[in-house]
Amino acid sequence: MLPSRRKAAQLPWEDGRARLLPGGLRRKCSIFHLFIAFLLLVFFSLLWLQLSCSGDMAQVTRGQGQETSGPPRACPPEPPPEHWEEDESWGPHRLAVLVPFRERFEELLVFVPHMHRFLSRKRIQHHIYVLNQVDHFRFNRAALINVGFLESSNSTDYIAMHDVDLLPLNEELDYGFPEAGPFHVASPELHPLYHYKTYVGGILLLSKQHYQLCNGMSNRFWGWGREDDEFYRRIKGAGLQLFRPSGITTGYQTFRHLHDPAWRKRDQKRIAAQKQEQFKVDREGGLNTVKYRVDSRTALSIGGAPCTVLNVMLDCDKTATPWCIFG
């Protein structure tokens, strides 16, 4: 990590018809020989398919159906070891990239390979966790990040809260361990859309210790927006210093923003009391109160980049937050 790249925030995410049988077949081959060859082909094809499916299913864990609330639970199995495990030049720290997600598959196909290459060039040990919300409630980015924190393995010691539609382009951006305090990679001076001083969204790095100190994020924010503003107040309330990049000269060209609002509109509705509640600090809820279950955990490779997809069912207290329901 280069100290010069961080500053404290100043305040007030052969032939196409290839032969099917070894050695080919003569034109005058008997029907009996053709039949035997066909049976052999079917047998070996089924054998290959069985072995292939067995290998894939070994990567999928299903049936984790019991509801989970808060952190008093053992961490899930480790992700597959990456190539840097025995290379000390990658450093001692390992990053869990937490990606809240719903239905943006075209963005995910770009994000995972890009981030894996970007972090690998910077020699950052990492694993990408895609937190796919599969329930019927409105999208809850903050609760998904809480789930990602709890479900990421013990081998990671810091997290990146990372939007799937925000890609870093400048190689000088620092994704190293944020020992001094939370590090806001997508600072207001660099983010292509959001420029207010208290903004901490897009991409934010925290040590797991500091995230616990904040009690994670509030689970009350259903729909798009405002959860980051509440988390900023949690950071300050925990007595943590927020840091941002310094010496980056690419301005608003520092990131590529994938989201197309004309194609995929955001859920920005404010229903009933949500209009007032969105500006309050949730002093009781957070990491310790998130309720969910993981329906499945799948190890994938997208464009050669490894990641883990968790299908997450969030739970909503409709009395406390009736705005979790569409309409």
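Glycine residues also receive a Cβ, built from the backbone N, Cα and C atoms like all the rest.
The UDP-alpha-D-galactose binding site annotation in Swiss-Prot covers 100-104, 139-141, 164-165, Y194, W224, 257-259, R266. Annotation note: P100 (UDP-alpha-D-galactose binding site) sits in a strand segment as assigned by DSSP.
According to Swiss-Prot, the Mn(2+) binding site annotation covers D165, H257, on the basis of similarity to another entry. DSSP gives H257 (UDP-alpha-D-galactose binding site) a strand state. Long-range neighbours of H257 (UDP-alpha-D-galactose binding site) (same chain, six or more residues apart, CB within less than 8 Å of its CB): D165, L166, L167, P192, L193.
The Cβ neighbour count for R226 (N-acetyl-D-glucosamine binding site), using a 10 Å radius over every protein chain in view, is 20. Among the features that Swiss-Prot reports, N-acetyl-D-glucosamine binding site is placed at R226, E227, D228, D229.
DSSP assigns N154 (N-linked glycosylation site) to coil, not to a helix or a strand. Residues or ranges marked as N-linked glycosylation site by Swiss-Prot on the basis of sequence analysis: N154.
Among the features that Swiss-Prot reports, region 'Disordered' is placed at 61-88.
What Swiss-Prot lists as topological domain 'Cytoplasmic' is 1-30.
The topological domain 'Lumenal' annotation in Swiss-Prot covers 52-327 and is backed by sequence analysis.
If you look up Swiss-Prot, you'll see 31-51 marked as transmembrane segment.
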Site with most surrounding Cβ atoms, counting all protein chains shown within 10 Å, from the binding-site residues D165, E227, D228, D229: E227
Spatially closest candidate among R104, N140, Y194, the listed binding-site residues, to E227 (N-acetyl-D-glucosamine binding site) (Cα to Cα): N140
R226 (N-acetyl-D-glucosamine binding site): secondary structure state under DSSP, collapsed to three categories: coil
Nearest of the recorded positions (N154, D228, D229) to P100 (UDP-alpha-D-galactose binding site) - Cα to Cα: D228
Cα-to-Cα gap, R226 (N-acetyl-D-glucosamine binding site) vs N140 (UDP-alpha-D-galactose binding site), nearest whole Å: 11
